Amino acid sequence: MDLTSLILVIAIIAAGAMFFMPSQKNTVVSRLEEFSGEKKEGGASKAQPALEDEELQKSFFDRIIKPVLTGVANALSKRKKSDTASQLKKELAQAGNPGGLTPTEFNVLKLLLLFIPAPLFGILGFFLKVPIQSLGIGCLVIFIICFLGPRIYLQRLVGFRKYMIQKTLPDCLDLLCVSVEAGLGFDIALAKLVTKFKGPLGEELKGVLQEMQMGRSRRESFKALSDKMEVEDLSAFISSLIQADQLGVSVSKILKIQSAQARLKKRQRAESLAMQAPVKMLFPMVGCIFPTIMVVLLGGVVFEFIKNFPR
C-alpha cells in the first residue's frame with residue numbers, strides 16, 4: 001500500500017468517526033422545548049435557528065471532542081471515586097479548569113492520547129517501511145510522552161498560576177488598600193480591583209465576588225479560595241481578613257498591614273534569588289566560559305612551544 005492509499009484509508013476512518021459521533025444539538029433543543037413549551041406544528045422549536053447559530057459559533061473542541069469525552073465520562077462515572085480523583089479535581093480547579101474538563105473527562109482524554117497516537121505512528125511507520133527498531137523506539141517514546149504529558153502539563157499550569165498569584169498579590173493589596181482608604185466599600189473596591197487585574201489572581205477574585213453577589217458570605221467565599229489555591233501569602237491575607245471581620249477591626253488597617261508585609265516578603269524573595277545567582281552562574285562559567293578563555297590565552301603559547309621545540 002502506497003502513501004496515497006494510506007492517507008485515503010485514514011480519511012475514511014476519520015469521516016466514519018465523525019458520522020457516528022453522537023450529536024448534542026438535538027438533545028439541547030429538545031430540553032429547551034420541554035422547559036419553554038414553544039413548538040411549531042412540525043415539532044420544531046422557534047429557538048432552533050438561534051441555537052444552531054450559537055452551536056456553530058463554538059470551537060471544534062466544544063462541538064465535537066468535548067461531547068465525546070462527556071459521553072465516555074458518564075459511562076465511567078459509575079465507578080467509585082477515590083482520593084486520586086479528588087486530588088485531580090483540586091488540581092483542575094487550581095489550574096483554572098482548562099477546557100471546562102471534569103476529572104473523569106480529563107482521564108478519558110488522557111486515555112485517548114495514550115492509545116491513539118502511538119498505534120497511528122506505528123501503522124504509518126509500517127507502511128512507510130521504517131526500520132522495526134526505530135519504529136519500536138518511536139512508539140515507546142510517544143507512549144511515554146502521551147502518558148506523562150497531560151499530568152505534567154496540568155501540574156506546570158498549577159505551578160504557574162500559583163506563582164502569578166504570589167507575584168501580583170502585593171500590587172493587588174496596594175490597590176485594594178488605596179481604594180478602601182479613599183472611602184470605597186470593600187466589595188466595591190474588590191469589583192474595581194477585578195477590572196484592573198486580568199491574570200489568575202483577578203480571575204479568582206472575580207469568582208469570589210460573584211459568589212458574594214449570589215448571597216454567599218465573605219468569610220465562606222474567601223475561605224474557599226484559600227483552601228482551593230493553597231498559596232501561602234494569599235492564605236495569610238485571607239486569614240487576617242476573616243479575623244478582622246469576626247473581631248470588628250477596620251478593614252483598611254488590615255489591608256495596610258498586609259500590603260506592607262506582602263511587599264516585604266516580595267523583597268526578601270528577590271534578595272534570596274539574587275544571592276542564589278552567583279552559585280548558579282558558577283557551573284556554566286567553569287564548564288563553558290573558563291575553557292574558552294584558557295584556549296584563547298594559552299592557544300598561541302602552545303603553538304609557539306610546539307613550533308620552537310619540535311620532536
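The count begins at 1 with the first shown residue.
Cβ coordinates come from backbone N, Cα and C, glycine included.
Listed features, source TrEMBL:
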TRANSMEM  6-22  transmembrane segment
TRANSMEM  111-128  transmembrane segment
TRANSMEM  134-154  transmembrane segment
DOMAIN    173-298  domain 'Type II secretion system protein GspF'
TRANSMEM  282-306  transmembrane segment
>> Can you work out which residues elsewhere in the same chain, 6+ from the ends of the transmembrane segment (134-154), have a Cβ less than 8 Å from its Cβ atoms?
In response: 91-92, 95, 98, 106, 109-110, 113-114, 117-119, 121-122, 125-126
>> Need one number: mean pLDDT over the domain 'Type II secretion system protein GspF' (173-298).
In response: 91
> Mind checking how the domain 'Type II secretion system protein GspF' (173-298) divides into helix, strand and coil residues in DSSP?
Replying inline: 110 helix, 0 strand, 16 coil
